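Chemist: As listed in TrEMBL for this protein:
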BINDING   109, 113, 130, 294  divalent metal cation binding site
BINDING   130, 131, 132, 133, 134, 162, 177, 181, 266  substrate binding site
DOMAIN    29-300  domain 'Gcp-like'
């Protein structure tokens, strides 16, 4: 019964999780929140992570009721993500692994999301819509790889939402996406926005540029409200994501769809995905904010799968990389 400790800190969330044979024993998390109208800078985010990571480690062990002797492996996010936060957490993982004399495993952040989603929902072989602040991909498993069928050609959908929130000075607490979702529920008017799907890929930079250009004028003249803009943006970008996910499901003959990543806990996105799946006779799998949003348990779970399959990361190869594609990893733990 291997027990794996996972460190995640690729963006503004830092988490430490403990997983044992499919059971999440602990999963504490902290978020670096900046003032409305601003984003989070790599250096500041890394300082936040360094300040709280040891407290989180102790909190995770206490919550799980374990000591260092009970841990079999240390997993950490190798990438993709922001450089400084990745490094700050990797240094802690390497140090802990050496102090406790445990094997180390560098985990692909995207695969952490997928494996956590599969564990929590019970999905067997789904088409995956992975949507977050740094990534937007439609993925399906085939021949020991998570194959990318479609993706953003510029910015991620979560980044589009975050930067839109800055234009309207929407609060970052608890997150810009959550506050946009709540405001969108009060929207009454659908403002026509650029809809950019290119084959199996999507583009969000044009939508963002359009809103940055017209938002203040439309609000000043009373053409629409901030709530209308939130509603319109969600409806447009989510429809684009549904379109490419459905096309991937048709190509793969899939009867399962799984939504993962921070944007995946948006209830409107889940509702639209559910409608599409129901019309196809397929089934939707989704999780709540405990596991959609970046967390340590997802890294521990992917690490657990890799550990069981015999993977180890030598200290000499335990660096981080800001660019680490989902399809670069050989998935030896699946048939």
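The chain as shown is numbered from 1 upward.
Glycine is treated like the rest: Cβ placed from N, Cα and C.
TrEMBL does not curate its annotations; it predicts them automatically.
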Chemist: Within the domain 'Gcp-like' (29-300), what mean pLDDT does the predicted structure show?
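Modeler: A mean pLDDT of 97 is what the model gives the domain 'Gcp-like' (29-300).
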Chemist: Of all the binding-site residues given, namely 132, 177, 266, which is spatially nearest to residue 113 (divalent metal cation binding site) at the Cα level?
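Modeler: Going through 132, 177, 266 one by one, the closest to residue 113 (divalent metal cation binding site) is 132.
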Chemist: Out of 109, 113, give me whichever of these binding-site residues has the highest number of other Cβ atoms within 10 Å.
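Modeler: Of the binding-site residues 109, 113, the most buried by Cβ count within 10 Å is 113.
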Chemist: Suppose the divalent metal cation site is 109, 113, 130, 294. Which further residues of the same chain have a Cβ inside 8 angstroms of that site's Cβ centroid?
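Modeler: Counting only non-site residues, the set is 10, 110, 112, 114, 132, 135, 260, 261, 262, 298.
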Chemist: Please list, in sequence order, the residues in the chain of residue 177 (substrate binding site) that are at least six apart in sequence and whose C-beta is under 8 Å away from its C-beta.
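Modeler: Long-range Cβ contacts: 158, 161, 162, 165, 262, 263, 266.
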Chemist: List, in sequence order, the same-chain residues at least six positions removed whose CB sits under 8 Å from that of residue 132 (substrate binding site)?
Modeler: 113, 156, 157, 158, 261, 262, 263, 264, 294
Chemist: For residue 109 (divalent metal cation binding site) and residue 134 (substrate binding site), determine the Cα separation and express it in whole Å.
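Modeler: On Cα coordinates alone, these residues lie 11 Å apart.
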Chemist: Between the two most separated Cα atoms in 130, 131, 132, 133, 134, 162, 177, 181, 266, the residues recorded as binding substrate, what distance in Å do you get?
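Modeler: The widest Cα-Cα gap among those binding residues is 19 Å.
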Chemist: Which of 130, 134, 266, 294 has the fewest nearby Cβ atoms, counting only those within 10 Å, among these binding-site residues?
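Modeler: So among 130, 134, 266, 294, the binding-site residues given, the one with the fewest Cβ atoms within 10 Å is 134.
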